[in-house]
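Okay, structure first, notes after.
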Amino acid sequence: MADLTVIGGGPGGYVAAIRAAQLGCNVRLIEGEKVGGTCLNRGCIPTKVLLHAAELKSNFDRARDYGFSVKESTFDWKVLMDRKDATVKQLTDGVATLLESWGVDVIYGEASFVNSKEIVVKNGNGTSELRSDSFIIATGSKPSMPPIEGLQCRNVLTSDDVLQIQEIPSSMLIVGGGVIGIEFATLFSGLGCHVTVVEFLPRILSNIDEEMASYVHEILSSKGITIHVAAKVTKIEERGSSLVVSVQKTSGENITVEAGHLLLASGRVPNTQALNLTNAGVETERGRIKTDKFMRTNVPNIYAVGDCTSPYMLAHVAMAEGEIAAENVAGGMREMDCSVVPACIFTSPELASVGMSELDCQKAGIPVKVGRFPMVGNGRALTLGEAEGMVKIVADSRYEKVLGVHILGPNATELISTACMAMKLEATADEIAQLIVAHPTVGEALKEAALSVQGRAIHLPKEG
């Protein structure tokens, strides 16, 4: 009998298992496929390998601006897939080694609850019953399947399937203009595929600051990506080797799009159906496990972390929740704090955000000051030839406490950590403005945006 059984070996699960082992618990981890979960195997990591390839292609295309005469380059999709698989294997092997080094007993199979203290694990070797004092559920999420006629047609893919295709499609329609859809649009467009995005809501990236999302829309359109907002796919049909997709706009207009492949990227749902949670008495809401601020369910010895419970569905949130759940299983009383959670979108240029948007503040009735600084005014961005984008800081009007930071530009996904640190320490715009920031760096744009909150940006012309 284990002190703790973790169900699911993704970012939330393996971090929870390691942290609990560090605290002296006898830990068992149940994993249905490979450790690392969606993030390592089918999500964050493999997609970033492909996005980097698209970035390299863009660099080849821009090389002549820096004096290089680059003759026609060739591209081998199989080599890229091998690179992707090797990167994934290196990281999953690394996670397996970490678990082994901390003495975590990893069992491969599908777990389901018998009661609050016992589970059944099924695998190729049969069925076994296992007991445990405590459980942490970390079963993640899976792609949602929208109710569209024709989903059974060939070349209709989910975000899990698309990373296994054998060649770059000549054209692709992506259903969903959220983070997943927009990253895949960036990826495939960057590698030469004609991409169309269909988004049901009035704008893409609905959870991101509206001004920044609009800027991204403009950039994607300039790169040849066709985007239909306030629209939905109603039907998919096969016609020869292509798919014919019927799209209905809320305006009443109906259009038809022909594409070689269709990617479903309309969101993800908690992966909890196979757990038999009712046997353990665990409460859920539309499949999502309900937890308190300690990551504990309504059953005192059962915790849940990651996509199966968190509305954020982010690997870094799952990791933080995993640490907290493990420490609380071991006797702690740590609370999950989601006040500073960054979101990173690997578009080109990158987009990163933390905290409240202008609209969030407006809805909450918070008067704000807003500072903006364009990347075209940043020396480092210009040296890189990446002057699209800006830094935007939203601060409360009275004390200028930073409430949100939104960055579109080179290295935005790295720079956002500085903004997170500032917000965690409850910094004001003035405190950020007083920093001595290395020159020339993209980070100077963050300081200039903070100065702009106070109307005194150095590298912007005088207004009026």
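Residue numbers in this text run from 1 along the chain shown.
Backbone N, Cα and C define each Cβ position, glycine as well.
Candidates considered were C25, C44; the recorded disulfide partner of C39 in TrEMBL is C44.
With G176, G177, G178, V179, I180, G181, I182, E183, G267 listed by TrEMBL as binding NAD(+), the candidate from E167, E199, E253, E283 annotated for that site turns out to be E199. Listed by TrEMBL as binding FAD are K48, T139, G140, S141, M313, L314, A315, H316; the candidate from D61, D307 that the record includes in that site is D307. Separating the Cα atoms of E199 (NAD(+) binding site) and K48 (FAD binding site) is a whole-number distance of 23 Å.
For the recorded positions C39, I180, I182, a Cα-Cα cutoff of 10 angstroms around L314 (FAD binding site) retains C39. With G176, G177, G178, V179, I180, G181, I182, E183, E199, G267 listed as the residues that bind NAD(+), the site has a largest C-alpha separation of 14 Å. On the 0 to 100 pLDDT scale, the model's mean across the domain 'FAD/NAD(P)-binding' (3-322) is 96. Over all protein chains present, the Cβ of L314 (FAD binding site) has 20 other Cβ atoms lying within 10 Å. Cα separation, C39 (disulfide bond) to G140 (FAD binding site), rounded: 10 Å. Fewest Cβ neighbours within 10 Å among the recorded positions K48, H316, H439: this applies to H439. As a summary of secondary structure, the domain 'Pyridine nucleotide-disulphide oxidoreductase dimerisation' (341-450) carries 41 helix, 33 strand, 36 coil according to DSSP.
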